[in-house]
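Beneath this line is the structure, given in structure tokens, with notes to follow.
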Amino acid sequence: VHLSGGEKSAVTNLWGKVNINELGGEALGRLLVVYPWTQRFFEAFGDLSSAGAVMGNPKVKAHGAKVLTSFGDALKNLDDLKGTFAKLSELHCDKLHVDPENFNRLGNVLIVVLARHFSKDFSPEVQAAWQKLVSGVAHALGHKYH
């Protein structure tokens with residue numbers, strides 16, 4: 001993904017404020033609530049029977065933190081997202097059989113979470129930069145499918 005200097009600054013400045021544990025759990029939790037069919041990949045996480053159960057589930061929170069840690073890896077490797085996510089792409093494609101559109105959904109949910117937590121900093125320009133990034137990450141994660 002190609003981000004201009006200003007876009008890189010916008011993304012990294014906001015990322016520096018992110019609490020990975022808190023926002024990761026919220027992003028993954030929202031994905032599971034808003035798109036309930038994605039829960040089938042997380043049956044081992046226990047109770048996902050309601051929005052409250054999902055959002056309070058410690059396994060959802062822990063896995064969400066792992067997901068956002070991977071987004072942090074993307075920020076360090078903007079010039080090689082496909083390489084950065086090659087193993088995760090293979091895992092999600094070959095073993096988990098995740099619909100690659102779910103990567104786009106997660107990216108869009110992450111943008112909602114960021115806008116909610118950092119509304120003063122989340123200008124249209126910042127949103128556009130983040131949209132570019134999450135689209136690039138989703139494409140890299142879906143690479144094994146192509």
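Every residue, even glycine, has its Cβ placed from backbone N, Cα and C.
Over in Swiss-Prot, the protein carries these features:
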- Val1: N-acetylvaline (MOD_RES)
- 2-146: domain 'Globin' (DOMAIN)
- Thr12: phosphothreonine (MOD_RES)
- Lys59: N6-acetyllysine (MOD_RES)
- Lys82: N6-acetyllysine (MOD_RES)
- Cys93: S-nitrosocysteine (MOD_RES)
- Lys144: N6-acetyllysine (MOD_RES)
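The two recorded residues, Val1 (N-acetylvaline) and Lys82 (N6-acetyllysine), show a Cα separation of 10 Å. Remark: secondary structure over the domain 'Globin' (2-146) totals 116 helix, 0 strand, 29 coil, with classes taken from DSSP. Lys59 (N6-acetyllysine) is 27 Å away from Thr12 (phosphothreonine) when you measure Cα to Cα. Neighbour density for Thr12 (phosphothreonine): within 10 A of its CB lie 14 other CB atoms from the protein chains shown. Across all of the domain 'Globin' (2-146), the predicted model scores a mean pLDDT of 87. A distance of 27 Å separates the Cα atom of Lys82 (N6-acetyllysine) from that of Lys59 (N6-acetyllysine). Of all Cβ atoms in the protein chains displayed, 14 besides its own lie within 10 Å of the Cβ of Lys82 (N6-acetyllysine).
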